[in-house]
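S.K.: Okay, handing you the structure first.
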Amino acid sequence: MEKGIADRAPAMEGLLSKLRSLDAYPKVNEDFYSRTLSGGIITLASSVVMLLLFVSELRLYLHAVTETTLRVDTSRGETLRINFDVTFPALQCSIISLDAMDISGQEHLDVKHDIFKQRIDVHGNVIATKQDAVGGMKVEQPLQRHGGRLEHNETYCGSCYGAEESDEQCCNSCEDVREAYRKKGWGVSNPDLIDQCKREGFLQSIKDEEGEGCNIYGFLEVNKVAGNFHFAPGKSFQKANVHVHDLLPFQKDSFNVSHKINKLSFGQRFPGVVNPLDGAQWMQHSSYGMYQYFIKVVPTVYTDINEHIILSNQFSVTEHFRSSESGRIQAVPGVFFFYDLSPIKVTFTEQHVSFLHFLTNVCAIVGGVFTVSGIIDSFVYHGQRAIKKKMEIGKFN
């Protein structure tokens, strides 16, 4: 048995000797090392560089990176949410209306749902809300549809002044009459001739708000097709297939549509989004005109690190102003936003760098810095030796 162990010992020694011959990192006795000042400086500098690169790589590993891809937008039947906050410093809230329409033919005229208005003074401060009937009711009893005054035992049913759609229709307020006229495609030339408008003090309320501005904000939910929405004075209606606004009741020759867009976005907000019209401001210097924004909307999908999906949009914009020429009205005064949708969808996906990728980069940093610093140290060392040798030769000569 002792003989078998003795036979295996040389074989094991031979195997270890072969492994030792594969050593790519031969060791040198410390007695043969020559440490230099330049080598110490290079080692310190390379260590600092190595540490900085490692910290940078660690930050990239700990924080999510965003990958961007482009693809054709194949979604159908979706809606588009438009969020806005616009301030008109020289246009009263009582005369501004909001309309939206698209190429499919769908129209939303004088939108009021999810829309909020704030009256503001010349300094931009919010004014306390007044009651709708600013002028107050007249003591005189309202006129009935049949022409007589309202009696105590009667139910009020005001006249629509020829704009009734049926014999039973009643217009009990100035707004009802204006809406009935709008549906007929008519304009209200003199509100004081309308009993409801006269009792509610329609013209007086507009005069009371003279010099005020309006902040209007909210959102619209529209079809995901090309279209436009606009802020303009007066109620709108269709006349001979043309979209027009009834400006006669306001008895004004000019409308100042100077405005500031506090916020405008299409869809939900997501990290990194930039809305180019946020904070945009324009001042009108002519008496009449239409300011137009032409917007290209790009559908966007953002998926965060927790796989929470945000469906939103980005957009680019160009601007144009149409003014009146030689005193002749060429366009409806107002601020118009024309939007179109891009067929390309942008997808942002947050994801972490894999640990193997991180480890590979760390090894590359350590090995690269170590190799480069070794080359620099060797160059400096041999350069110093060559200079020293030349100096010694020159000294002896």
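Every residue, even glycine, has its Cβ placed from backbone N, Cα and C.
So TrEMBL lists the following for this protein:
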DOMAIN    19-108  domain 'Endoplasmic reticulum vesicle transporter N-terminal'
TRANSMEM  37-55  transmembrane segment
DOMAIN    160-377  domain 'Endoplasmic reticulum vesicle transporter C-terminal'
TRANSMEM  355-381  transmembrane segment
S.K.: For the domain 'Endoplasmic reticulum vesicle transporter N-terminal' (19-108), what are the DSSP-based totals of helix, strand and coil residues?
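M.R.: Split into helix, strand and coil, the domain 'Endoplasmic reticulum vesicle transporter N-terminal' (19-108) gives 35 helix, 27 strand, 28 coil.
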S.K.: Short question: which residues 6 or more past the ends of the transmembrane segment (355-381) have a Cβ under 8 Å from it?
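M.R.: Beyond its ends, the transmembrane segment (355-381) has Cβ neighbours at 36, 38-39, 42-43, 45-46, 49-50, 53-54, 57-58, 60-61.
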